[in-house]
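K.L.:
Before I ask anything, here is the structure I am working with.
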Amino acid sequence: MLDRLRTIVSSKPTPQKALQEEDTTNGEEQREEWDRPIEFILSLIGLGNVWRYPYIAFRNGGGAFLIPYFCVYFLIGTPLFFLELSLGQFTSRGATAAFKMSRMFKGVGWAMAINSFFVTIYYNIIIAWCLFYFFASFRKKLQWSDCGNWWNTERCLNADASDNSTARFLCLATDRSSNCTLPILPPEEYFDHYVLRRSNSLEDMGTPHWALTLCFLLAWILVAACIIQGIKSSGKVVYFTSLFPYIVIFALIIRGVTLPGAARGISFYLKPNWSKIGEFQVWIAAASQVTFSLSVAFGSILGYASFNKFKSNYLRDCMIVTGCDCFTSVFAGFAIFSILGFMSYKTGLPIDQVAKAGPGLAFIAYPQALSIMPGGPFWAVIFFFMLLTLGLDSQFALSDVTISGLLDTFPGLRRYKTYVIIGYCSVCFLVALPICAPGGIYLFTLMNEYSANLSVIVCAFFEFIIISYVYGFNNFMEDIRMMLGRRPFEPYWFFTWCISGPIITLVVFFSSLMQFRPPTEGNYAYLTYANVIGWLMVVASVIFIPAVMIYEFIKAWKATRNYQNEISNDMPHYLRMLTYASQPQDEWGPARKEDRHGRYEVLTPKTTEPIEHRNKLDDKSRIFNGNFNNAFDSQSDICSRL
C-alpha cells in the first residue's frame with residue numbers, strides 16, 4: 001500500500017527514475033567545473049567593495065560604520081556565505097533548483113532569482129559608466145581635470161586652485177551666508193553634467209543620451225558573451241581581474257595620502273562617531289552592505305558553488321573569500337577618504353558635505369585622484385578597465401541566476417540556451433534603457449535602495465529557518481560531512497544558523513519597516529508613485545515564498561485527504577499535510593550518481609526495491625503512520641539543544 005501511495009501522491013518520479021530521466025534529458029549533463037580552486041575563489045570577489053562600500057560608509061558616519069559592519073559580517077555574512085556554498089556544492093544546482101530540501105520553501109530560490117533580476121537591470125549601468133570613463137581616458141589630458149569645458153559652471157573650482165576667479169564662490173563651513181554658493185570640483189560636474197546629463201527630478205526623465213546608451217549596449221553585449229562562454233573562459237581572466245585591482249587601489253592610496261588634507265579624510269574614516277552606533281539605520285545599512293558585498297541571498301553564490309567538485313574544500317574557500325572581501329572593503333575606503341580629505345581641504349567644506357553620498361561617489365573621488373596623478377590618463381585607463389572587469393564578473397554571476405532558473409524550470413530550453421541568453425540580455429537592456437536618460441540616476445537610486453535591501457533580508461531569514469528548523473541542523477551537517485569528510489566547528493555554525501542569524505535578520509527586517517524613510521537622491525525627494533514602484537519591486541520578489549507555500553499546501557491537502565482512511569487516523573489531517581509539505585522532494589540530494597552514497601545511495605538496476613529514503617525527514621512510512629515526532633526528529637533535537 002505504501003508503494004501505491006508513493007506512486008500516486010508524489011508529483012515527481014521516484015529518485016531512480018528521475019535519475020534515469022536526467023541521463024536522457026541532459027538533467028545530468030556534464031556540468032562545467034572549475035579547473036582550479038583558486039579560480040573559484042577569485043571569481044567570488046566582486047565590484048561591491050570598490051564602488052558601494054565607500055559611499056555606504058560615507059553616508060553612515062565613516063568610522064562608526066566599521067563596528068556594525070564587522071559585527072554583521074561575523075554573525076550573518078560568513079555563516080550565510082558558508083551555508084550557500086554548502087547547498088550549491090552539495091546539489092550542483094542553481095538557486096531555483098537547490099531548495100528542494102523542503103517542498104513548501106522552494107519559492108525562496110525564485111525570490112533570490114527575482115532579486116538578481118532586478119539588480120542586473122540597474123547594475124549594468126555601472127559597467128556602462130566604467131566604459132564611458134574608459135574611452136574618455138584615451139586622451140592626453142583627462143576631461144575632468146579642470147574647469148575649462150562647456151559643461152562646467154561658475155561654481156567649478158579647479159583642484160589646484162589656479163583659477164582665482166572661482167574664489168568668490170568659496171564658502172567656508174565656519175562662515176556661510178544665505179547667498180553663499182558652494183564650490184564643486186571638476187570630476188563632480190563631469191559626472192553630473194556630461195556623463196549623466198542629470199535632470200532635476202525623476203519626472204524630468206528626458207531621452208537617453210546616445211553616448212551612454214552605446215556604452216550600455218556594449219556592456220550587455222559583453223555580459224551575454226561572458227555567459228555564453230561559461231566559467232571555462234571567465235575562470236581564466238580572474239587571475240588578472242581579481243588581483244590587479246589591489247595594485248591599482250594601492251597606487252591610489254599612496255597618491256591620496258600624500259595630498260594635503262588626506263589625514264583629515266582618513267581620520268573621518270577611522271574615528272568612530274559613537275552616536276551613530278546606536279542608530280538602527282546604521283546597522284540596517286551594514287546588513288545591506290554585507291549581503292550585497294558577499295552576494296548572499298541573491299543566488300549567485302549558489303550558482304558558483306554548483307560548479308565545484310563535490311569533495312572541494314569550500315570551507316577553506318569561505319574563510320579566504322570572506323576575509324579578503326572584508327579587507328578589500330576597508331582597503332578601498334582609504335583611497336576614497338584620503339581623496340575626500342583633499343577635496344575638503346580645497347573647498348573648505350566638511351568632509352561629510354564635500355561630495356554627494358551616492359553611488360556616483362566612486363566616480364567622483366577616484367577620478368579626482370587620477371586627474372592629479374603623474375601619468376593620469378594611463379592610470380585612468382588601467383583603473384576603469386579594472387572596474388569594468390570586476391563589474392562584468394559580478395554581472396555574469398547575477399544574470400546567470402535567473403537564466404539558470406529558466407533553464408531548470410523549462411528543460412526543453414536547454415537546447416536553445418544561447419538564444420535564451422541573448423533574449424534575456426536584450427530584454428534587460430530595453431527595460432533599463434531609461435537609466436541612460438538625464439533622469440536615469442533617480443531611477444538607478446530607486447532600484448538600488450529597494451531591490452537590494454529588504455527583500456534580500458527576507459530571503460536570508462528563510463535560508464536560516466529552512467536549514468535550522470525545517471530540514472534540520474544535524475541533517476545539513478551530515479550532508480557537509482559527505483563533502484568535507486568531517487563536521488566543521490559546530491558551536492559557531494549552530495549559534496549563527498539557528499540563533500543569531502534568524503534573530504538578527506528578523507530584527508533588521510522589522511526595524512527597516514518601522515524606521516523606513518523614503519530614499520532621496522541629492523536634494524530630490526521621491527514622490528509617492530515612485531515609492532509605490534519601489535515597494536512593488538520588493539513584493540515581486542518576496543511574493544514567491546508564500547505563493548509556492550500555498551501551492552504546496554494545496555497539493556499536500558489533496559494527497560493526504562485521499563488516503564487518510566487507508567493509512568492512519570492517529571495524526572490530525574493538518575499535521576499530515578504540514579509534514580508532507582515540509583519534506584524534501586524525491587530527487588533531493590547530490591545531482592551526480594557517483595556522489596550519492598549513504599542515505600542518498602542509488603541501488604543497482606538489479607535491485608527491484610525502491611531507493612532507500614535519503615533523508616530521515618523523507619520517510620513517508622513514518623509520516624503516514626502518524627509518527628509526527630519522529631518525522632521531525634531533527635527539529636526536536638534543535639529545540640532541545642536550544
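Quick reminder: no glycine exception, Cβ is built from N, Cα and C everywhere.
Annotation source TrEMBL lists region 'Disordered' at 1-32. The transmembrane segment feature in TrEMBL is assigned to 64-87, 108-136, 210-231, 243-263, 283-307, 319-343, 378-398, 419-444, 450-471, 492-513, 533-554. The disulfide bond annotation in TrEMBL covers CYS147-CYS156. According to TrEMBL, the Na(+) 1 binding site annotation covers SER293, LEU390, ASP393, SER394.
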K.L.:
Taking residues 6+ outside the transmembrane segment (419-444), which of them lie with a CB under 8 Å of any CB in it?
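P.N.:
Same-chain contacts beyond the ends: 117, 120-122, 124-125, 128, 196-199, 201-209, 212-213, 216-217, 220-221, 223-224, 227-228, 359-360, 399, 402-403, 406-407, 413, 521, 524, 526, 530.
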K.L.:
Can you tell me how far the Cα of ASP393 (Na(+) 1 binding site) sits from the Cα of CYS147 (disulfide bond), in Å?
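P.N.:
Distance between the two Cα atoms comes out at 35 Å.
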K.L.:
What is the one among the recorded positions CYS156, LEU390 whose Cβ has the most other Cβ atoms less than or equal to 10 Å away?
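P.N.:
That would be LEU390, with the highest Cβ count within 10 Å.
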K.L.:
Can you say which of 210-231, 243-263, 319-343 has the most Cβ pairs under 8 Å with the transmembrane segment (64-87)?
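P.N.:
Stretch with the highest Cβ contact count: 319-343.
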K.L.:
Is the number of Cβ-Cβ pairs under 8 Å between the transmembrane segment (243-263) and the transmembrane segment (450-471) three or more, considering only pairs separated by 6 or more positions?
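P.N.:
The transmembrane segment (450-471) and the transmembrane segment (243-263): touching, no.
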K.L.:
Can you find at least 3 Cβ pairs under 8 Å between the transmembrane segment (450-471) and the transmembrane segment (210-231), where each pair is 6 or more residues apart in sequence?
P.N.:
no
K.L.:
May I ask whether the transmembrane segment (210-231) has at least three C-beta pairs under 8 Å with the transmembrane segment (492-513), counting pairs 6 or more apart in sequence?
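P.N.:
Answer no: the transmembrane segment (492-513) and the transmembrane segment (210-231) share fewer than 3 Cβ pairs below 8 Å.
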K.L.:
Compare the C-alpha of CYS147 (disulfide bond) with the C-alpha of each of the binding-site residues SER293, LEU390, SER394, and give the closest one.
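P.N.:
Answer for the nearest of the binding-site residues: LEU390.
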K.L.:
Using a cut-off of under 8 Å between C-beta atoms, tell me which stretch among 108-136, 283-307, 378-398 contacts the transmembrane segment (210-231) the most.
P.N.:
108-136
K.L.:
Given the binding-site residues SER293, LEU390, SER394, find the one whose Cα is closest in space to the Cα of CYS156 (disulfide bond).
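P.N.:
The smallest Cα gap between CYS156 (disulfide bond) and any of the binding-site residues is with LEU390.
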